[in-house]
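Following: one structure in structure tokens, then a few remarks.
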Amino acid sequence: MLSDTDSSLKVTGIDFLKSQNTRKHHTDGYNIKNLVVRRGDSFQLQLSLNRELRPADKLSLRFAIGENPMKNRGSLLSLKPEREDFNGWKISLVKRDGKECLLSVTSSPSAPVGKYNLHVKTGTNIYQPENGVIYLLFNPWCEDDVVYMANEAQKKEYVLNDTGYIYVGSAYSIYDRPWNFGQFEDCILDACMYLLDKSKLSLTERRHPANVSRAMSALVNANDDNGVVLGSWSGNYIGGTSPMDWIGSVTILQKYYKTKKPVKYGQCWVFAGVLNTVMRCLGVPSRCVSTFDSAHDTDGNLTVDIYLNEKGEKLNMSFDSVWNFHVWNDVWMKRTDLPNGFDGWQAIDSTPQEQSQGRFQCGPCPVKGVREGDVYLPYDSKFVYAEVNADRVYWLVKKVNGKDKYFRIATETQDIGKKISTKAVGQSRREDITWEYKYPEGSKEERMSMERAYSFIRPSGLMPRSGYASTVRTLDGNTQPLVLNEPVTKTGLHIEIKNTEPLHPGNPLEIAITVKVSTPGNWTIDLTGSCQLQYYTGKVQANLGTTKETFNLEGPSEMQIPLKIAPDAYMKTLSSVEDEVLILVTAIAEVRETKDKLTKETSMRFQYPPITVQMPETAKLYNDFTCAFIFKNKLNVTLENCKLLVEGLGIFKMTTFDQGDIMPGRIMKSEIVCTPTRLGERKIVAKLISNQIKGISTEKAIIITE
């Protein structure tokens, strides 16, 4: 009979020391049985053996990643204690205590991210533990990782915060849409790992966040590769969820992971919200970025053409478009693949707009490169540059002898890419980051950046271009880069547009157009004003009314022209579309004596009554509390088919209350019993949607204590 001393060494168990390791690695939020750690930092494992470890014993830990792992491919790592490190990994024996031994493992700061299978080899015995899959993520806390971020408050915001805001509306009325990122919720990490596998990135490519973020920008949209979200801007969302009805990424990613089929439907803020979740989940610092008056320049010549008819109404006929807002993401990393000077924030975009290298993907494009006009840099920097810097050229379309003729009436050079916004670090407010993307409009640096960009683009002559206008050549072939400041007119013509009463659905829309002249003299002015409903993509949904006035101004002076739209002119359209629409007001003024022309457009949003949330300020872990949602319909219209959507990460799952129709003056109240399962500040998000209104949301925080 063999004595204990002769028997071969066997492992009888492994303790992954999950709570101490995950606290150290900032991964204790992940709702998963397995160990989740970040690369480049050490974690400990406690082995239980059948006998004491002796100097002659052979012991190695094997980490395998991917299908068919092999040593020579770097996908199988065999680590022996106290040996030289292997591929940047090392392992050491911390202490021996009888039949127990404590090991410390440090992964390489440039290791491929993903799922590693661990087994332990002792002599000829191999031990495969239960839950032996270890998840390895990017590490912004490690100085040698390319995603390293020095500032603690920023890491807390851009990696660990699971809630936030996405800024939408228009440059004239920005509002926040609360969004639950939920990167730590059930199945979300597994959904991200599934996307990594689906991306077919090689192990070498998985080492660098530039490759991973580009692949994720492709996979978050369903185009090309059956990715996560199917985009739709049709206004009809039968067979899916309207893009306005989501309040976070969790339901979307869980559903996708379960069905492996694209989830219907998304628009830009949904793509950005989901991509933000994926990048934070994988450990890359990430933020949602909104830009207002964002250009979609389809042919890369840095101008966007807008066509108006003689009533001043915008026509849906350009291939280019200006979106009231567009949302993408910035991810933080060193760009080891580029010349120096382009580290830091990189723009990535998963909204399917233009193909890049044959797929709907965009970025990472260095934000510093956008600011400097370095539009030759990979990836997609020309497209991102145009989104925030293009010029807007207005064309008047007139019928001359039965044919459309095009007259260039204005060039707006400081209009695109305004108020670039993201959520401030550690605060519930909007931070303006326009300065990171561009120098101040009109400054010397901005001119140089623009000229630099033009030198790489070489615009091909200014011609209107749309499906209808490609053959027209009625204009001078002026190929000079556009004059970039507001046209100085002989009369000092200036237009302002404002609403004189709050814009409540069901009330008349009361708007005033003010025309000013600053030069002395007697001027005759023709003013055309129009009011339309438009989607955030710039597409016009309905014409509501126009006004045409001719008046005399003795300069310097001003005149106010009212534009009033009755409720029945727009309420039907408002109820028939599934999207939130904006009110677009366009004005064209022409001075007869000097032929000075000026156009101005403003988009405004409707104003809605608020939702109130009633709940305690603090609650104890696992102790129930009640949360009430109250809404009073202060509008003159009945809100039909109301639904209240609520979600609180770590408090309760997504819940929908059907409220039916809410008459004017009626109060709705809904209650939910909450059981907090996680400590710290938690947020509850509520959203009310009806046929008439899509955009009422609110959120409230509660502190959960032990």
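Glycine is treated like the rest: Cβ placed from N, Cα and C.
Remember, predicted model here, so these are calculated numbers, not experimental data.
Here's what TrEMBL has on this protein:
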- 260-352: domain 'Transglutaminase-like' (DOMAIN)
- CYS268: active site (ACT_SITE)
- HIS326: active site (ACT_SITE)
- ASP349: active site (ACT_SITE)
- ASN389, ASP391, GLU441, GLU446: Ca(2+) binding site (BINDING)
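Each of the recorded positions ASP349, GLU441 was scored by the other Cβ atoms within 10 Å of its Cβ; the lowest score goes to GLU441. In this model, the domain 'Transglutaminase-like' (260-352) carries an average pLDDT of 90. ASP349 (active site) sits 24 Å from GLU446 (Ca(2+) binding site), taking the CA atoms of both as reference points. HIS326 (active site) and GLU441 (Ca(2+) binding site) are 20 Å apart (CA-CA, integer value). In sequence order, LYS438, TYR439, PRO440 constitute the residues six or more apart from GLU446 (Ca(2+) binding site) in its chain with CB-CB distances below 8 Å. Using a 10 Å radius centred on the Cβ of ASN389 (Ca(2+) binding site) and all shown protein chains, the other Cβ atoms total 24. Inclusion criterion for the recorded positions CYS268, ASN389, ASP391: a C-alpha placed within 10 angstroms of the C-alpha of HIS326 (active site); this criterion is met by CYS268. Other Cβ atoms within 10 Å of the Cβ of CYS268 (active site), summed over all protein chains shown, number 26.
When the Cα atoms are compared, ASP391 (Ca(2+) binding site) and CYS268 (active site) turn out to be 22 Å apart. Around ASP391 (Ca(2+) binding site), a 10 Å sphere centred on its CB holds 25 further CB atoms from the protein chains shown.
Here the Cα atom of CYS268 (active site) is found 19 Å from that of ASN389 (Ca(2+) binding site).
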